[in-house]
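> There's a structure below that I have some questions on.
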Amino acid sequence: MVIFFLQTPVHLFLITHCRTSVDIFNNCSYQVDPAFYPMASEDGTATGGFPLIAGASQVVTLYSGWSGRIWGRTGCNSAGVCTSGGCPSGGENCTSPAPTGPTLAQFTIDGYADFDYFNPTSGDNFNIPLTIEPGSGCSTAPVSCIDANGDGNGCGATSSCPTGTSYTIQFC
Ligand SMILES: *[C@@H]1O[C@H](CO)[C@@H](O)[C@H](O)[C@H]1NC(C)=O
Ligand SMILES: *[C@@H]1O[C@H](CO)[C@@H](O)[C@H](O)[C@H]1NC(C)=O
């Protein structure tokens, strides 16, 4: 009995530190289809992307050690053929790295010294404004890229937060 009592908090601690929660919020007046490479997890299922109508949001999780890119696709049809940001592999459920073209949110989860490292960048190109906002537990200000000139607070600059922080990525 004593052993079970002691194990429970340890188990909960591990669960809360293995996954990082990212709330993807579409504040654009049009549909945006977020894409993830490598894949994220949505309710326990691997996802490379999905449609988000105007005003909608969806929480995904990133595993410890995840290092990659999240971006928004615009003008997509149900087959995942898009006006901007479409996946080189095709399809709504993206299985290939980002093409050149979209604004990117780059993350490394649980990197050096138990910190997450992230930046918004329009270095490859720009399609829609993108903001990364850390949740409670991290005092780093929201960072964004708001146009093709690299304007926006912290556009292209790398920020960090302690691993375990949750994030919101907002389009527009
Ligand atoms: C959402 O976008 C509108 C412009 O369409 C802007 O005025 C507003 O501040 C944005 N919302 C947030 C939470 O940034
Ligand atoms: C996306 O593709 C992956 C790998 O092919 C697959 O495991 C996963 O179930 C797919 N997700 C959806 C939502 O279709």
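Each Cβ is built from the backbone N, Cα and C atoms, and glycine gets one as well.
Sharing the features that TrEMBL gives for it:
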| type | residues | note |
| --- | --- | --- |
| DISULFID | C76-C82 | disulfide bond |
| DISULFID | C87-C94 | disulfide bond |
| SIGNAL | 1-20 | signal peptide |
> Compute the C-alpha separation of C94 (disulfide bond) from C76 (disulfide bond), stating it in Å without decimals.
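Taking the Cα atoms only, C94 (disulfide bond) lies 12 Å from C76 (disulfide bond).
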> Roughly how many Å separate the Cα of C87 (disulfide bond) from that of C76 (disulfide bond), to the nearest whole number?
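Counting only the Cα atoms, the answer is 11 Å.
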> Within a 10 Å radius around the Cβ, which one of these disulfide-bonded residues has the most neighbouring Cβ atoms: C76, C82, C87, C94?
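The most densely surrounded of these disulfide-bonded residues is C94.
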